[in-house]
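Peer 1: Take this structure first; my questions come after.
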There are 2 protein chains.
Amino acid sequence: MITYPQGFRASGVTAGLKASGKPDMALVVNDGPDHVAAGVFTTNRVVAWPVTWSRQAVADGRLAAVVLNSGNANVATPGGMAITEATARAVAAALSCEPRDVGVCSTGVIGTMLTADPLVAGVEMAVPLLSSEGSSAAAEAIMTTDTRKKEATFEAGFRIGGMAKGAGMIAPGMATMLCVITTDAVIDADEANEALAAATSHTFNRIDVDGCMSTNDTVLLLASGASGIAPDPAVFREGLTAVCADLARQMIADAEGASHDILITVTNSATEAGALAVARAVAQSNLFKCAVFGNDPNWGRIISAAGTVPEAVAPFDPADLAVIINGVAVAEHGVDTGRRDEVDMAANREVTVEIQLGSGNESAHIWTNDLTYDYVTENSAYTT
Amino acid sequence: MITYPQGFRASGVTAGLKASGKPDMALVVNDGPDHVAAGVFTTNRVVAWPVTWSRQAVADGRLAAVVLNSGNANVATPGGMAITEATARAVAAALSCEPRDVGVCSTGVIGTMLTADPLVAGVEMAVPLLSSEGSSAAAEAIMTTDTRKKEATFEAGFRIGGMAKGAGMIAPGMATMLCVITTDAVIDADEANEALAAATSHTFNRIDVDGCMSTNDTVLLLASGASGIAPDPAVFREGLTAVCADLARQMIADAEGASHDILITVTNSATEAGALAVARAVAQSNLFKCAVFGNDPNWGRIISAAGTVPEAVAPFDPADLAVIINGVAVAEHGVDTGRRDEVDMAANREVTVEIQLGSGNESAHIWTNDLTYDYVTENSAYTT
């Protein structure tokens, strides 16, 4: 709901990048009065040209618009930077702003050829359709293997709205995701940056569908100041985090081929970082994820994944480990409790796993999904 | 072929640990005159009781026998250490040796209950069947999801023989594998240790089926000295490495549910460690592995996996990357060559991927497999 805050217009159109003929370009415009912006990007060293462009564009804390396309990720494409720049220039010309005030995001297949023509033509279609009712069309146009659009809102006098896409290649650093968040709060660029970094680290950075870090991940925050309200920074962060958490949870619920959403919580850890490392190790175990698909509370695969984390990262004694699946303690003091058969995993999509390390009071969680036939299907036939 | 060298007898029996009723216990005895031994074990912090036992047993460089069971991994089992010790004591009593000269290895399901009774009864069955023709029965008895037994030999005056099992949970440190290697060469314990460490680091540690490090991985080398030949250390290492490489390749060829064996070679790297890190990152990408299952030369997933390796580990410029799949250069200088359609992946089980980093002269390889429906099937229904 990126047009939920005051001062924003959006549209979504079909530029012809998707073979399916579905909408594939979204435009989001900040009509001000402020044009404050912040961004968070993939930590992958191989990045899409639009990531390189948008990092530079947002570096001065200012954006007037964001253009997003699905259907082609514009990674490793010959001439890809010129294509990105042409897209930004087309937006800038139509909106009478500077090209460097236009963020560009792309998602879709990596490494297939692309020209600027459909992107520029798409911009020309999208500009006249810009509207304060356009959030839904924009959210739809950025979908790839997503089966539904992902939107969220927050209100506390001022408003925050967000849209996101992401269903696969969702991993450690951040998801293969594009996300645009808008707000009509009055905030400065430093505050926007700090709030966005804090919010993403506890939301988008805590989901892991398949351990595969993307080349295109981008989260952009645009602030129009149109509400005239300068919120308490803590309230703003809380709202921003709630919107990001909502969108992240929607991504897990729509993850490629998944039949279960899995919340892995690691507790009684000496440090939060250690808890997070153990949670990530479990979330990235294909054997564990296959077991969940089979509704099998195979906790041996949980502790064997936990045991791959170096002691320096997460100090714990394997003899102290406890594992609780959907509320049933299947292992205590490092050994089997014989209660495996009490665990019912088939009843609900959501599965909870708690791992108690017995070495402190810190905790962390990761959301992930099971590994299914449908995941293999989607990812073995994606480009062919 | 663990009875290929002089001085060894072996047997395989059905102790009743496997629900299928198939053979599940192997015994290997070194009749000397030497009883030199060396071992390499999983680096997982959560380990099976037999790993704890065998680490201690082999610490003095001496073993007289190894007993191996499939059907239960003896991990996180209440009383598991006493069960392991009872098994070793049963072997020691029958062979008139010390319990601490008996190595114990277990493989199978993690975290299900176990008692000593079937293991002790199995030893009593296995001892009278010990024979210099027993290698095949032993190799069969250690299989779990393996579809065929894995044996290898080497000869250069002295002899080396080996058997291994392993088809899933095969990953970074070492495979979920048990391996016993025998030799009639005259070598001392230090030489045995050094040769085994060198051989495993370039063979078993270079295969990665599913990124999941086991709790039970064990490789034991037993030397009888029965040939009377004290080989040149370089020749011995070469032979040992050849046997390990042969067994490792057999494990990849029999990996759970796989339809392709994938050799990932990273070349033109500043360091071997950097090349290895990039090869491992690609080998652990589920998206890449699904693409190979779909016979799709989706090299974008290769470079995006390569890009997750920190620059400090593998210095390279993404703009220099080249990717060659089955001999076809699909990317050069970091961009698409447009030759994707020339790649034929359907014709052979073996697929080769070369990634040129353009930053030096070092290289490394990893063997892995594709991610298939059958992998998901085997691992979603394994304990139920």
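Glycine residues also receive a Cβ, built from the backbone N, Cα and C atoms like all the rest.
The feature active site, nucleophile is assigned by TrEMBL to A:THR176. If you look up TrEMBL, you'll see A:THR144, A:LYS165, A:THR176, A:GLU256, A:ASN379, A:THR384 marked as substrate binding site.
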Peer 1: To which of the binding-site residues A:THR144, A:ASN379 does the lowest count of other Cβ atoms within 10 Å belong?
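Peer 2: So among A:THR144, A:ASN379, the binding-site residues given, the one with the fewest Cβ atoms within 10 Å is A:THR144.
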Peer 1: In terms of DSSP three-state secondary structure, what is the assignment for A:THR144 (substrate binding site)?
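Peer 2: The three-state answer is coil.
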Peer 1: Given the binding-site residues A:THR144, A:LYS165, A:GLU256, which pass a C-beta cutoff of under 8 Å against chain B? Sequence order please.
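Peer 2: It is none; no candidate comes close enough.
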Peer 1: Just to verify: the residue among A:LYS165, A:GLU256 with the fewest other Cβ atoms within 10 Å, which of the binding-site residues is it?
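Peer 2: Each of the binding-site residues A:LYS165, A:GLU256 was scored; lowest Cβ tally within 10 Å is A:GLU256.
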